[in-house]
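Now, the feature entries from TrEMBL:
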- 36-460: domain 'Major facilitator superfamily (MFS) profile' (DOMAIN)
- 37-54: transmembrane segment (TRANSMEM)
- 74-97: transmembrane segment (TRANSMEM)
- 109-127: transmembrane segment (TRANSMEM)
- 155-177: transmembrane segment (TRANSMEM)
- 189-211: transmembrane segment (TRANSMEM)
- 217-241: transmembrane segment (TRANSMEM)
- 275-293: transmembrane segment (TRANSMEM)
- 313-333: transmembrane segment (TRANSMEM)
- 340-359: transmembrane segment (TRANSMEM)
- 365-386: transmembrane segment (TRANSMEM)
- 398-421: transmembrane segment (TRANSMEM)
- 436-455: transmembrane segment (TRANSMEM)
Ligand SMILES: NCCCC[C@H](NC(=O)[C@@H](N)CCCCN)C(=O)O
């Protein structure tokens, strides 16, 4: 009898231990809400640094003219060179493929390192150290005399920065999916975008303050570069947690053979009319926003006679607006749908605001907040809509492709804005007239509106259900 009892006891013990082990296997780091959200904050910091650096010199266009003799076209060139690797070498698409092959840690580190190198080279190109015949100055002076050696070094820096920055956004999107899939994914995406835009908000407000530093105006560029460098260090912390999570789950986020990117995926995407319309909307809408934002502080400074600080502050109202409205509209799209309609409204608002900027002297404070509503409506509806059109395993390639097409606009339109400005204002004019530049942005908005309308019409045929709530598809 006692031996029977002992047998039952040991069976119970073994079963219980087995159950406990299975339970331990089931829970991983991502199941702990604190760790999950801490990871979001960690990669959000990297994104904020990325957006900070992208915008850090935008409020300082007049300073660059004063210090280095930059024309509006030079400034446009500087903004746009960010996009060259993504347009001409399809870096965002390649980055997505590399990501699927090498995984998050190696790809993330490599591309954030490129961002850091680019940021440091840009700051160096603007520094006194370089201008006093520092390393590379003689070389940069030896060709294309029409462009200053400062501009050339800064262009090289921004090129390297762009090479890393867009792919790192794709990597971070994948990190969010890795930690939040099946949990609070939509909210996490909204918060991620909010953190990124905090970087832009800070850039427009901090750069004008930092140029007044005792050590000279280049404190603003060095600060931006060190912010990006600190992001690389913060990413190392993320990598440790990522490794730990991979040891807890089976496949470590790497794709199986059947899930890997195939070029036939791209052809399939290109045959999908809804995807084409949303990509063209992405190109035209974002081209009317980001390049405008890069010139906006200088526009306010010239049109309303504001200081660098005030014009930077007004520009920062756009990212602030999006930080509040994007999660709200994201929630609306999840719950009630109407994504295609929201993209139409967003495009309509964008055109109206640009026309008001072109032809009236209405206060820019309110207009920038309204523009923030437009810049929340479209992204909040656009990115989740793509997820309805393409298979989940192809979402990285789809976003990568959209980024590359979008970057065509982020490359061309800052240059065009500068060329239009230089072409429509006599040389040496003290107050730039932005009317034609604003009209150009309004026209882009009209194209965006057209593609949004086509997208809604196509949705009735394709049946992707863009007008339906998230969980009904
Ligand atoms: N899941 C995709 C989110 C994209 C957010 C989007 N960013 C971009 O489109 C970037 N390719 C361009 C960023 C250039 C300025 N930093 C956004 O709305 O910010």
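Cβ coordinates are placed from backbone N, Cα and C, and glycine is handled just like the others.
Remember, it's a predicted structure, so these values are computed and weren't measured experimentally.
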Chain residues outside the transmembrane segment (275-293) and at least six past its termini with a C-beta under 8 angstroms from it: 55, 58, 76, 79-80, 200, 269, 315, 318, 343, 346-347, 350, 354, 371, 375, 378, 382, 385-386, 389-390, 398, 401-402, 405-406, 408-410, 412-414, 417, 441-442, 444-445, 447-448, 451-452, 454-455, 458
Interface present between the transmembrane segment (109-127) and the transmembrane segment (37-54) (three or more C-beta pairs under 8 A): yes
Surrounding residues of the transmembrane segment (313-333) on its own chain - C-beta under 8 Å, 6+ positions past either end: 58-59, 186-187, 189-191, 193-194, 197-198, 200-201, 203-205, 293, 296-297, 300, 306, 339, 342, 364-365, 368-373, 375-377, 379-381, 384, 469-470
When counting Cβ pairs under 8 Å to the transmembrane segment (217-241), the leader among 74-97, 109-127, 155-177, 340-359, 398-421: 109-127
Intrachain neighbours beyond the transmembrane segment (155-177), with Cβ under 8 angstroms and 6 or more residues off its ends: 39-40, 43, 46-47, 50, 53-54, 77-78, 81-86, 91-92, 94-96, 98-99, 104, 107-108, 110-125, 185, 188-189, 192, 196, 228, 238, 242, 253, 396, 399-400, 403, 407
Dominant neighbour of the transmembrane segment (398-421) in 74-97, 109-127, 340-359, by Cβ pairs under 8 Å: 74-97
The domain 'Major facilitator superfamily (MFS) profile' (36-460) [mean pLDDT, rounded to integer]: 92
